[in-house]
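If you look up Swiss-Prot, you'll see GLY38, TYR39, SER40, GLY41, ALA42, GLY43, LYS44, SER45 marked as ATP binding site, on the strength of sequence analysis. The domain 'ABC transporter' annotation in Swiss-Prot covers 2-241.
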Amino acid sequence: MITLQNVVKEYTSRNNKVLAVDHVDLEIEQGEIFGVVGYSGAGKSTLIRMFNGLELPTEGSVEVDNLLISQIRGSKLRKARQQIGMIFQHFNLLWSRTVAENIAFPLEIAGVRGEKRRFRVNELIRLVGLEGKENAYPAELSGGQKQRVGIARALANNPKVLLCDEATSALDPQTTDEVLELLLDINKRLNLTIIVITHEMHVIRKICNRVAVMENGKVAELGDVLDVFRHPKEKVTQRFVRQVTDSDETEELIHLLLDNYAEGKIVKLLFMSENATQPVISQVAKENDVMLNVLHGNLTQTQNGAYGTLYVQVLGTEEAIEASLTQLRQLKVETEVLER
């Protein structure tokens, strides 16, 4: 669906050169929700603007739905952009137009007239849950409602791709989740390819199938969201994963557990996918004659599946404890004995 090959974007001023995107290769499949996460200045917004030709690469090629966006200009590019919707952090609505008129704007530009345009606008208002707000102006809407207008406007011409550039960064947590649920619903209903640019790992965890982590213009890490959360390889990825896993709190928790539970062994268990929801603990305890005391745990859901972390106190003989850990590993549960 979308292919980036050796894409470079360089900005040149009188005194220096800035390499915003540094030799990026990506393949994004039809119908997937693909996340790009990075801190400010990582190059992610520059990258997404090359998907619809708002920025042109200095080197390399950008192909969307078998069309080389990086090589077309003028009317051909304008026509191609009708198939690539985009929503923004600050909504970019026309403040003198109502909700319905904002949604109708791209249809007007595309030459859609009369009853056909009105039907499409009403259809989109229902899709994004804005019934009753048709004649409201942007100043009368909440942040979440404004973004829903932005989403409806971006979908007006039935695009195949939706670009989301920090689309939830200006929203509160509850509204963020509501907008993300809407994007998930639209993705499933329309089989729409969605590219999400964000600096919030919660957004990636909630809706994305795969993620690229960017740093200094490069893709530092790429993979399924579940794999990246479970085994982040690069330091920048580990920092992002800590946004969701609260590792500083975990470090404090480990010291607390080791200080307060002196008997037996304290073990960290990592469950994946189907094992995250199965009664593995009770099975292992029963079959190996050990006591497993659950001290702390959490379960994290992603679009690829769930993974869970448990901290347990294992009580029994040395042989029984070792046998229980061996069985857990055989059941594809990762184990880590915490050292005192």
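Cβ from N, Cα, C; glycine included.
Ranking the binding-site residues GLY38, GLY41 by the number of CB atoms within 10 A of their own CB puts GLY38 at the top. When pLDDT is averaged over the domain 'ABC transporter' (2-241), the result is 95.
Here the binding-site residues are SER40, SER45; the one with the fewest Cβ atoms within 10 Å of its Cβ is SER40.
Taking the mean position of the Cβ atoms of GLY38, TYR39, SER40, GLY41, ALA42, GLY43, LYS44, SER45 as the ATP site, the remaining same-chain residues with a Cβ inside 8 Å of that point are HIS199, MET214, GLU215. Comparing local CB density within 10 A for the binding-site residues TYR39, ALA42, GLY43, LYS44, the maximum falls on LYS44. A helical conformation is recorded for SER45 (ATP binding site) in the three-state DSSP classification. Annotation note: TYR39 (ATP binding site) sits in a coil segment as assigned by DSSP.
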